[in-house]
Amino acid sequence: MDYKDTLLLPTTKFEMRGNLINNEPIRYASWDEKKIYEKMKKNRKNAQSFTLHDGPPYANGHTHIGHALNKILKDIIVKHNYFSGKSVRFTPGWDCHGLPIEQQVEKKLGGKQKKELLEKAKIRELCRAHAAEFVDIQREEFKKLGVIADWENPYVTMDFKFEANIYRTLCNVAKKGLLIERSKPVFWSWAERTALAEAEVEYEDKEDYSIFIAFELSDEAKAKLSINSKAALVIWTTTPWTIPANTGISLNPEEEYILTTTGYIVAKKLLSSLNESKILSGDIAQTFKAKEFENLLALNPLNGRTSRIVLGEHVLVENGTGCVHTAPGHGEDDYRIGLVYDLEVVMPVDETGCYDETIVRDGLIPNAEDFLGRHIFKSNEDLITLMGESVVHVSKFKHSYPHCWRSHTPLIFRATKQWFISVDEKPSGSDKTLRDIALSEVEKTLFFPETGRNRLKSMVANRPDWCISRQRDWGVPIAFFRVKATGEVLLDEKVLNFTAMVFEMHGSDAWYSMPTEQLLYPGAGYSADELEKVTDILDVWFDSGSTWYSVLKSRNYDAGEFQADLYVEGSDQHRGWFQSSMFLSAAVEHKAPYKGVLTHGFTVDEKGEKMSKSKGNVVAPETVLKEYGSEILRLWVASSDYQGDLKISQSILKQSAENYRKLRNTFRIMLANINDLHALTPYEKMGELDKWILNEAKSVFDGVHKSFSNYNFVNGMSLLNNFIVNELSGIYIDITKDSLYCDAKDDARRTSSQSAMALIVKSLLTLIAPILTYTADEIVEYLPEVIRESKEDIFDFVHKNIDVAESGFNTDYMYAAREKFYEIVDGLKKEKIIKNTLELVIVTESKKIAEMDKTAAEDWFVVSGISHSEVIAELGKFEVDGSIFVIQKATAAKCPRCWKYQAKDETATCTRCSKVLNA
């Protein structure tokens, strides 16, 4: 007789294959239709809040795998907090101003020259259209990743109200007394003709001259030092093109300097290394303290101009000569020491990186007309030649040098009139400097990982004043009026408020398209003719750095609370968004804009190499979605250690897909097993094995939830996978098959196991829902009503872990016994003595086994019997805590229905199966 139809085999309509590629877009469309984000807000009304403030991606180009990593990670974090019962806010945003968009518009127009023929207002119109196009494109690409956010109300930095709030933040910084305008050397991109902030600087290798130049001491200086022979300070530089602008030579105030027998002056500590490298030769003729040189003069060998000798703490004696060429127009340290000694700031380089008329007017270079309009980098060789024998040594070398992040051309330091936020001034209302406020707030902030704290602290501690002005077209203008007669900038509050109101109504384009009469507050006290507009625009990092004000503090968005609970970005944002946001919030609010900062690494290929089209190792999100679906990408994010760089490749994605398949099939078998469950068995009536798995699940799920709450997803996923593979699938689902398939439908043992599985499904479902949201939502449709409880979708659930089940099950003892049993079983199978464990029985005097329900003990080992009778034919034995377990073949016949060896003969069913069949 075929007993298959009498078995309660698992059944469910939940598919083995997710068909993610086709099903995900359909499910997301249904979420859109149901306005799931709004539903999430309603479901957690009055609950504890959680605000993730989105760092805005740039509205230029399609999203790449780094964008996908970032947005998925944010989405997982937000959803974890949601399913933990919190009221979450996740308002996505876009950075819309700045150089990259301008460059794209230039390309469309056919180059810079054609762009320069257009009015600024027209250029800005084209930039605005370009950014708007990619906001829409990227929004759809992010939604395809399963990200749920306030997509209908994103923040876009070029929106009129947003631009007005960026401007208001600028005005607030000015009111705090931190905004200054001054001529100061800044990173300058001659290719893009604009100043850059530190965050816009990248370092690449560059070949440069290494040149040692002798500056003769003036006769007066030699007389004061009692030197009767040739004497020249030797400076070392890698930028010969800055020698025309030299006005000083800096020495270390704590060092001794020597005059060599060959007539050169260098730091005493460096003489031996200079001699060894054959840059100099000679012995010590005289020794001096640095202080003796202060304010004496040397002569520039290029143009004969005097160069004042000054003392500066910035001078190091680890390499070079200890005598530092100082050109205040071309370096931050040079500028600072120049302020102390009132050195002239000479700036002979124009915005394109070419020498201007200053070299002719001030006689900075012999035959200056030959250099006029010539690019500085093309002038080095000729300048070296002009200095003749004063060049002591010259060579070439490669070193790391600052480059423009967009054009990848080498930058220069160039003194120009710019707007700065002073980080070492005290904002009005504070007794601390802006830098000190920021450093103090860094200490109060949570960091994930903790190493981020020192990284941000170091950057805050060492950064110079923030240059916030740019000489470009597309950005929020530094919309101040300047009085023509005096140069004074109008910072009257009513004037500033009026300008902000105009921007809110017409956008910041109004600064360029509207006449001064319409932009000026009527009671300003000046006529339009008496004023001129400041034409610089704001650094785009100011835009994004002020989003805490425009998004969290304004009433324009339902975006959560200030301070945000978390900022999440790549590790490069310590020098970017984390820092710019900190300084602006510290300036205006005197505190950080965030309570926590999470940083992740970058995406690399499986060899750890950076992705590039030339290498052919780029993994595009679109490609992954077409081949696997977003759930596989989301599982990859959650299973990767984001603290370092994240490897991704076809083979890694295949492994992620395999892990997804295992997880899905674990849910499928449990759903199939609980398909006919109508009531949950109370804990006190559950079997020992069911209590055991519930306690194991509770312990693991607690650990997973704790890891997820600390944003340690890789650890949480590891705990979860180990539990699913080992305890859940490896043991429990296997040992309950007999009861679930062969017992009567409503048998207490069967419904107990079903109840345990149902509770695990429900808790596990909300645990993985933040990561595999599509799958979790699909599973809800196949839950028995006893745990679905009429809920519409996954978003109606809140994570609640399983309760502790009071149990006498000795886990360590039973694990040890099972492990030793299966070691022997493996040998028996290899020797073909048995095919499966149901052919076996165990004979033991173990008290712990005797205390267990006999059937539960049999199920634990998946054997046909456990007894205390005499051993008939021993196949193997093992010992646990002094108790002997003997394995032997079952003597009863195999039941044709359940396959246990408990029947009287092979034609009859066992007692249990007979009862079920007769019922």
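The backbone N, Cα and C atoms fix where each Cβ goes, and this holds for glycine too.
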With the ranges 57-67, 904-914 to choose from, which does Swiss-Prot describe as motif ''HIGH' region'? 57-67
Given the ranges 610-614, 735-739, 745-749, 790-794, which one is assigned the annotation motif ''KMSKS' region' in Swiss-Prot? 610-614
If you measure CYS895 (Zn(2+) binding site) to GLU569 (L-isoleucyl-5'-AMP binding site) at Cα, how many Å is it? 62
Integer Cα-Cα distance in angstrom, GLU569 (L-isoleucyl-5'-AMP binding site) to LYS613 (ATP binding site): 24
Looking only at residues six or more beyond either end of the motif ''KMSKS' region' (610-614), which have a C-beta under 8 A from one in the stretch? 65, 602-604
For LYS613 (ATP binding site), the closest of the binding-site residues by C-alpha position, picking from CYS898, CYS910, CYS913, is CYS898
Other residues near the Zn(2+) site, CB within 8 A of the CB centroid of CYS895, CYS898, CYS910, CYS913? CYS742, PRO896, ARG897, TRP899, LYS900, GLN902, ALA903, THR909, THR911, ARG912, SER914
Including all protein chains displayed, how many Cβ atoms other than that of CYS913 (Zn(2+) binding site) lie within 10 Å of its Cβ? 23
When DSSP is mapped onto helix/strand/coil, what comes out for CYS913 (Zn(2+) binding site)? helix
